[in-house]
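What Swiss-Prot annotates here:
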type: BINDING; residues: His83, His182; note: heme b b562 binding site
type: BINDING; residues: His97, His196; note: heme b b566 binding site
type: BINDING; residues: His201; note: ubiquinone binding site
type: TRANSMEM; residues: 33-53; note: transmembrane segment
type: TRANSMEM; residues: 77-98; note: transmembrane segment
type: TRANSMEM; residues: 113-133; note: transmembrane segment
type: TRANSMEM; residues: 178-198; note: transmembrane segment
type: TRANSMEM; residues: 226-246; note: transmembrane segment
type: TRANSMEM; residues: 288-308; note: transmembrane segment
type: TRANSMEM; residues: 320-340; note: transmembrane segment
type: TRANSMEM; residues: 347-367; note: transmembrane segment
Amino acid sequence: MTNIRKSHPLLKIINDSLIDLPAPSSISSWWNFGSLLGICLGIQILTGLFLAMHYTSDTATAFQSVTHICRDVNYGWILRYLHANGASMFFICLFLHVGRGLYYGSYIFMETWNVGILLLFAVMATAFMGYVLPWGQMSFWGATVITNLLSAIPYIGTNLVEWIWGGFSVDKATLTRFFAFHFLLPFIIAALVMVHLLFLHETGSNNPTGIPSDMDMIPFHPYYTIKDMLGALAMILVLLTLVLFSPDLLGDPDNYIPANPLNTPPHIKPEWYFLFAYAILRSIPNKLGGVLALVLSILILIFMPLLHTSKQRSMTFRPLSQCLFWLLVADLLTLTWIGGQPVEHPFIIIGQLASILYFSLILILMPFISIVENYLLKW
């Protein structure tokens, strides 16, 4: 008699993707972040659902409703801080997941990679809209500045911005629609995750060597279920440490001041996970140019399969490419730091140089070094 998990129509799907899934025997802890992202999404949807039960998306009461959640709702404070810091954990895992993909050449699976980029954009949009909801100073001015960037689009820009705002400024209509979309998008993200996994399971996982591992596969359960549980435990430990000891570490103090359209904060900046893109935006003096650079800083990932000139898939055996990869990581950390600094000397020039280096590394230096490595290996 066949085991029910292999014959039942629903259990069969779960079995084929979580239990009997053939996985390469050599995948390292860098392959843990997919499951961690799934856990992050689950935490965000659950905490968000309970927060939405007490939140009101009205400009007059939004700030008060968040205060009410923290002060009066049973365990409301932990829900709020789990949700806020859960977003930070989500992005840490996302950046590490994408970084792993770049290092080990996972972008060769083009369908999986492209759905992943779509997921990245969806998560960024969700996080941005979520940051507006508490209706503090940084929420209001962040929403004003970022949505205003669309006015740089020729001809339709101004109309587009007013259409998104639902009026002539960020107001009640904007807050209400942002709440609606912030609630809806995570479920769309969950559906996209299914598509992402569907494409991944068509090809099977990559591995650190970049060499096909079809002849050396092991079942996902128990080997990788236990490994993922260890990763999940570590991530939850970090998240709870952050929530229980320093919940406002990654937030902005200005967001504890209720939104005031008549008073602009001295330094408008987004959450830390957008600072690298914000620095690239600010480093170009032209508005349209800045917006294009901002979009391209993420969209450039789409071109990775086309920019892959090496005869090897992974960077494991390519020391020159490894140097450039870690230079790119250092450059992104520099951009993140610059994004949080005021627009003055020497931060302006550092930001401009870091932005030039970012695009040069991805578009010119890394493909060129790969060709050099091919030549050195006489390929």
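Glycine residues also receive a Cβ, built from the backbone N, Cα and C atoms like all the rest.
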Euclidean distance between Cα atoms of His83 (heme b b562 binding site) and His201 (ubiquinone binding site), Å: 30
Which of His83, His97, His182, His196, His201, all binding-site residues, has a Cβ with the fewest other Cβ atoms inside 10 Å: His201
Cβ contacts the transmembrane segment (77-98)/the transmembrane segment (226-246), at least three under 8 Å, sequence gap 6 or more: yes
Residue pair His83 (heme b b562 binding site), His97 (heme b b566 binding site) - Cα distance, angstrom, rounded: 20
In contact by Cβ distance (the transmembrane segment (178-198), the transmembrane segment (288-308); 3 or more pairs under 8 Å): no
Length of the line joining the Cα atoms of His97 (heme b b566 binding site) and His182 (heme b b562 binding site), in Å: 23
Recorded stretches the transmembrane segment (33-53) and the transmembrane segment (320-340) touching, at least 3 CB pairs under 8 Å: no
Rounded Cα-Cα span from His196 (heme b b566 binding site) to His182 (heme b b562 binding site), Å: 21
For the transmembrane segment (113-133): best-contacting stretch of 178-198, 226-246, 320-340, by Cβ pairs under 8 Å: 178-198
Chain residues in Cβ proximity to the transmembrane segment (178-198) (below 8 Å; excluding those fewer than six residues from its ends, i.e. six or more beyond): 17, 38, 41, 44-45, 48, 52, 55, 57, 112, 115-116, 118-119, 122-123, 125-126, 129-130, 132-133, 143
Same-chain residues near the transmembrane segment (320-340), Cβ under 8 Å, at least 6 residues beyond its ends: 99, 102-103, 269-270, 272, 274-280, 282, 310, 347, 350-351, 354-355, 357-358, 361-362, 365-366, 369-370, 372-373
Chain residues in Cβ proximity to the transmembrane segment (226-246) (below 8 Å; excluding those fewer than six residues from its ends, i.e. six or more beyond): 29, 32-33, 35-36, 39-40, 43, 78, 81-82, 85-86, 88-89, 93
